[in-house]
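Scroll down for the structure; my scribbles are underneath it.
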Amino acid sequence: MIGKLKQNLLVACLVISSVTVFYLCRHAMDCHHRIEERSQPLLSSLHATLRTGQNLSTPFIYNKDMPLIFIGGVPRSGTTLMRAMLDAHPDVRCGEETRVIPRILAMKQMWSRSGREKMRLDEAGVTDEVLDSAMQAFLLEIIVKHGEPANYLCNKDPFALKSLTYLAKIFPHAKFILMVRDGRASVHSMISRKVTIAGFDLSSYRDCLTKWNRAIETMYTQCLEAADKCLPVHYEQLVLHPEKWMRTLLRFLNIPWNDAVLHHEELIGKAGGVSLSKVERSTDQVIKPVNVEALSKWVGKIPLDVQRDMAVIAPMLARLGYDPHANPPNYGRPDPLVLDNTRRLQKSPEKPNPS
């Protein structure tokens, strides 16, 4: 009788022990799973994975070594047209201006220029390496997540290219497109369309041309220093000869040719096409096909005293290949496709926009 009681107690102890071990193991697995979940955001900043809506089995992997594309230039220089044409390509996504990226880059530049601030940061352990790593993660997060996934991601924030050299350092495989336009046309567009740009006095052609000269000189110099990583594209030539320049551009970016880039207006608002912002000033222009309407609208609008001093006010005009005294200038003859687009727009009853 006593032997049987001992046997029953032993069985009961074994059952209780087994249940306890099972519970502890399960609890440990749950804790491990939660820790993994909590660590995921930290990992995602270094290695982001998104999935397309079309094929959930195909992930897009993003990291600092991917071939990012940055489009920039002085505002009103064709940056929106360029990004819309690239956005029409099925393998590329640019999207709207983030507005955040040039501001955070300007802040980083300010820290670097101030010897006192840099010393304070170094003393706090916030070294250049720490800041570069943080900038990589922050910028990549913005670029990746503010739009749809794609094989090639691009960012279009015009003044971001003031930091072209730094961007090339933290994104070693990135490429840059610098949009160049006749400064007289860019400035007339800013003033006539009342496009507010920090530091530009829209009541003065002289002031705006001086600021244009300073900004484009900064970006153009960095573009040349970046050598085969940066391609300057003249807005006038892109508009006059879109196929030639888009083929040149896609070869530069190592992206296969696609005819869709010549007809961006047909893909506006469509899935996988061109997404436009309601608040960007160029939106009402890029909904049209490529045309020459805006090329010479500045002629006859610039004050005579500014025209007289143009070569001194804006020496970058001559450096970029524009004649500062030509009024009107001769940019060249448009391709037949562009001529046809322009004629159709001129026959349209829609009121033309100033540019």
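Cβ coordinates are placed from backbone N, Cα and C, and glycine is handled just like the others.
Pulled from Swiss-Prot, these are the features on record:
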- 341-355: compositional bias 'Basic and acidic residues' (COMPBIAS)
- Cys94-Cys154: disulfide bond (DISULFID)
- Cys223-Cys230: disulfide bond (DISULFID)
- Asn55: N-linked glycosylation site (CARBOHYD)
- 99-103: region 'Interaction with peptide substrate' (REGION)
- 325-355: region 'Disordered' (REGION)
- 26-355: topological domain 'Lumenal' (TOPO_DOM)
- 9-25: transmembrane segment (TRANSMEM)
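Mapped onto this structure are the features recorded in Swiss-Prot.
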| residue | record | Cβ neighbours (10 Å) |
| --- | --- | --- |
| Cys94 | disulfide bond | 28 |
| Cys154 | disulfide bond | 25 |
| Cys223 | disulfide bond | 23 |
| Cys230 | disulfide bond | 24 |
Integer Å distance between the CA atoms belonging to Cys230 (disulfide bond) and Cys94 (disulfide bond): 17
Alpha-carbon distance [Cys154 (disulfide bond); Cys223 (disulfide bond)] in Å: 17
Length of the line joining the Cα atoms of Cys230 (disulfide bond) and Cys154 (disulfide bond), in Å: 14
Reported mean pLDDT - the topological domain 'Lumenal' (26-355): 87
Residue distribution over DSSP helix, strand and coil in the region 'Interaction with peptide substrate' (99-103): 4 helix, 0 strand, 1 coil
For Cys230 (disulfide bond): DSSP state (helix, strand, coil): strand
In three-state DSSP terms, the structure that Cys94 (disulfide bond) belongs to: coil
Where Cys223 (disulfide bond) falls in three-state DSSP terms: helix
